[in-house]
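Quick notes on the structure that follows.
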Ligand SMILES: NC(=O)C1=CN([C@@H]2O[C@H](COP(=O)(O)OP(=O)(O)OC[C@H]3O[C@@H](n4cnc5c(N)ncnc54)[C@H](OP(=O)(O)O)[C@@H]3O)[C@@H](O)[C@H]2O)C=CC1
Ligand SMILES: O=C(CO)COP(=O)(O)O
């Protein structure tokens, strides 16, 4: 039995994939009307209307029920996760964060927020290149499951792998979380480049220098280089910086074109850019793309000035 907390796009997609693979899945939803609607229609009309629920997927508002079983997958936006899990108590299930980002006020990533809020629990993070819509309809997807404890990690890898969802395992939670968090910042930057009409060459340069920035940050914060070159880093960077399906990329597009962006849409990269800039300033790290993204978001620079500033930095070795 597996629980999923959060009936948004990603939680629902994971619940469907795991249900189709034969697991009994309890999908917890905080909103009573949405829960009733999903139970009656057998689909999540609000977030994933084209993906019917398998029979073994049960909608619940009983969090204690969702927290029983092998794992509880927590698929709420990172900035809301601390509040969302506050009432979990001492769950028997291993907690698997399925979110990407750095908490604004604490500077912590997903597993650290879980451990900080619920001391003594076993935590892991599931991250990597995957759109909810692809997972929900059974398109092949490969993700990283990171757990500091190798025994628990192996149990979770086995339990959560399905015929269409292939999980690679690492104990490097720092690297996996940084990859997932920072690729969203780079996706905003790439969206801005394309939105402003600067072209694919400029996007390739932004992705590549963005990856160099991710590696620099990773080295300073204790990530393993091979984790950042894997699915959770380079893999997710490639997906998110090149697809209109990405909300972070679309926010960037709107910064580039000057169009409005719906503030109710989940975009993890915005808060993460600000959290990362603070950490980088404290550690004396050079993060020009992250800094530029915060300035574009705050409106303290324009895309034209930002590009001028990036292009006229002192020349350096690659
Ligand atoms: N969508 C995708 O393709 C992918 C998303 N992710 C990651 O998954 C995480 C969740 O994103 P996603 O599912 O897309 O986001 P959505 O906006 O689709 O859904 C967010 C869900 O979280 C719920 N929620 C928000 N705040 C709380 C809270 N305080 N307590 C309980 N529930 C809460 C929302 O409930 P309500 O509807 O009531 O507001 C909603 O069910 C993000 O970190 C994202 O980066 C990772 C890979 C792919
Ligand atoms: O994380 C994702 C793909 O791996 C989803 O990206 P967005 O949150 O930008 O939509």
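Each residue, glycine too, has its Cβ placed from N, Cα and C.
Whatever TrEMBL says is automated annotation, not expert-curated.
Among the candidates 247, 250, 291, the residue that TrEMBL names alongside 10, 30, 47, 100, 132, 268 for the NADPH site is 247. Of the recorded residues, residue 100 (NADPH binding site) and residue 130 (sn-glycerol 3-phosphate binding site) place their C-alpha atoms 12 Å from one another. Here the C-alpha separation of residue 268 (NADPH binding site) and residue 248 (sn-glycerol 3-phosphate binding site) works out to 7 Å.
The DSSP breakdown of the domain 'Glycerol-3-phosphate dehydrogenase NAD-dependent C-terminal' (172-307), given as helix, strand and coil counts, is 102 helix, 0 strand, 34 coil.
Among the binding-site residues 8, 30, 100, 128, 130, the residues whose Cβ sits under 6 Å from any atom of ligand 1 are 8, 30, 100, 130. Residue environment of residue 246 (sn-glycerol 3-phosphate binding site) contains 24 other Cβ atoms, counted within 10 Å of its Cβ in all protein chains. Neighbours of residue 6 (NAD(+) binding site) among the binding-site residues 30, 47, 130, 236, 246, 248, defined as a Cα within 10 Å of its Cα, are 30.
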